[in-house]
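Peer 1: Once you've had a glance at the structure underneath, I'll fire off some questions.
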Amino acid sequence: MTDYFLLFVGTVLVNNFVLVKFLGLCPFMGVSKKLETAIGMGFATTFVMTLASVCSWLVNTFILLPLDLIYLRTLSFILVIAVVVQFTELVVRKTSPTLYRLLGIFLPLITTNCAVLGVALLNINQSHDFLQSAIYGFGAAAGFSLVMVLFAAIRERLAVADVPAPFKGSSIGLITAGLMSLAFMGFSGLVKF
């Protein structure tokens with residue numbers, strides 16, 4: 001049980017997908033201008049990453065490995081992710097039309113989010129079992145959501161702050177992301193792998 005907790009904490013804080021592995025930077029910068037949009041995108045991405053991680057593990061274990069089709073791994077994972085994203089889009093459209101409108105084009109773009117494909121491929125490369133895959137996918141998504149919500153809150157405050165003209169917009173956003181990455185480096189001694 002401790003191993004699962006350490007895997008979760010290590011994935012959320014120590015090996016954060018955005019700030020350490022630099023995966024998922026497009027939605028991180030694109031959706032983080034408003035806090036409510038970042039929260040909605042975080043929930044959608046959490047659902048997709050967790051489900052895609054589990055489904056990819058199942059496809060790899062029960063289809064690709066027995067049939068010796070490992071060379072189709074990336075292509076099949078992309079297909080699995082696309083199906084999961086379409087399912088998520090249908091669920092969000094039916095349950096929360098306001099969130100669906102807020103997310104706009106970013107919801108279908110979760111399909112091309114490299115963090116989602118990254119979590120599926122890293123699960124296989126690290127030889128996780130089913131439960132570890134689910135925890136790793138959920139931890140990666142929770143870390144992604146945490147960083148995106150924190151960054152959105154900071155960006156909302158920076159929008160009304162007195163920032164020098166050359167640093168307004170993306171410049172101060174990248175500086176802030178760099179400082180957040182340095183702050184998360186403080187967690188590096190928390191979990192030993």
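From the backbone N, Cα and C atoms, a Cβ is placed for every residue, glycine too.
Pulled these from Swiss-Prot:
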type: TRANSMEM; residues: 5-25; note: transmembrane segment
type: TRANSMEM; residues: 39-59; note: transmembrane segment
type: TRANSMEM; residues: 62-82; note: transmembrane segment
type: TRANSMEM; residues: 102-122; note: transmembrane segment
type: TRANSMEM; residues: 134-154; note: transmembrane segment
type: TRANSMEM; residues: 171-191; note: transmembrane segment
Peer 1: Please figure out which one of 39-59, 62-82, 102-122, 134-154, 171-191 racks up the most CB pairs under 8 Å against the transmembrane segment (5-25).
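Peer 2: Of the candidates 39-59, 62-82, 102-122, 134-154, 171-191, 134-154 scores highest.
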Peer 1: Please indicate, using numbers and ranges, the residues of the same chain that are 6 or more beyond the transmembrane segment (134-154) and have a C-beta under 8 Å from a C-beta there.
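Peer 2: Same-chain contacts beyond the ends: 4, 7-13, 15-19, 24, 27-28, 31-35, 37-39, 41-43, 45-54, 115, 118-120, 122-123, 126, 128, 173, 176-177, 180, 184.
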